[in-house]
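K.L.:
These came from Swiss-Prot, pasted as-is:
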BINDING   R48  substrate binding site
BINDING   N50, F51, S52, H53, R89  ATP binding site
BINDING   N50, S52, D82, T83  K(+) binding site
Amino acid sequence: MSQLAHNLTLSIFEPLRTTGTIVCTIGPSTQSVEALKGLIKSGMSVARMNFSHGSHEYHQTTINNVRQAAAELGVNIAIALDTKGPEIRTG
């Protein structure tokens, strides 16, 4: 589809369709369900968590909140896990 053909199909009355990926790193200030819903409404499609910081419980709460926010808005959100540096991981 040409750029002109694409532009002709756009409508101000339809929700914005993103063609890119917006990755947001989730931290303490964006961990709540309401904050996550705001990020999703703003275009977030991937929630990134930095495993270098935080406990297992903190990360589980974040995952649960991302899933709940996505379910309430009826969208799919990917979860990216950024693990610690160049270590050898087993199991």
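For all residues, glycine too, the Cβ spot is worked out from N, Cα and C.
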K.L.:
Which one of these binding-site residues, R48, H53, has the sparsest Cβ neighbourhood, judged by other Cβ atoms within 10 angstroms?
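P.N.:
Looking at the binding-site residues R48, H53, the Cβ with the fewest others within 10 Å is that of H53.
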K.L.:
Near D82 (K(+) binding site), which residues of its chain come within a Cβ-Cβ distance under 8 Å, counting only those 6 or more away in sequence?
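P.N.:
In sequence order, R48, M49, N50, F51, S52 meet the Cβ cut-off.
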K.L.:
Suppose we draw a 10 Å sphere around the Cβ of S52 (ATP binding site). How many other Cβ atoms does it contain, all chains included?
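P.N.:
By my count, 9.
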K.L.:
Taking the mean position of the Cβ atoms of N50, S52, D82, T83 as the K(+) site, which residues outside that list, in the same chain, have a Cβ no more than 8 Å away, listed in sequence order?
P.N.:
M49, F51, H53, L81, K84
K.L.:
Using a 10 Å cut-off on Cβ-Cβ distances across all protein chains shown, tell me which of the binding-site residues (N50, T83) has the largest neighbour count.
P.N.:
N50
K.L.:
Counting across all protein chains present, how many other Cβ atoms fall within 10 Å of the Cβ of F51 (ATP binding site)?
P.N.:
11
K.L.:
Rounded to a whole angstrom, what is the C-alpha distance between T83 (K(+) binding site) and H53 (ATP binding site)?
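P.N.:
Distance between the two Cα atoms comes out at 10 Å.
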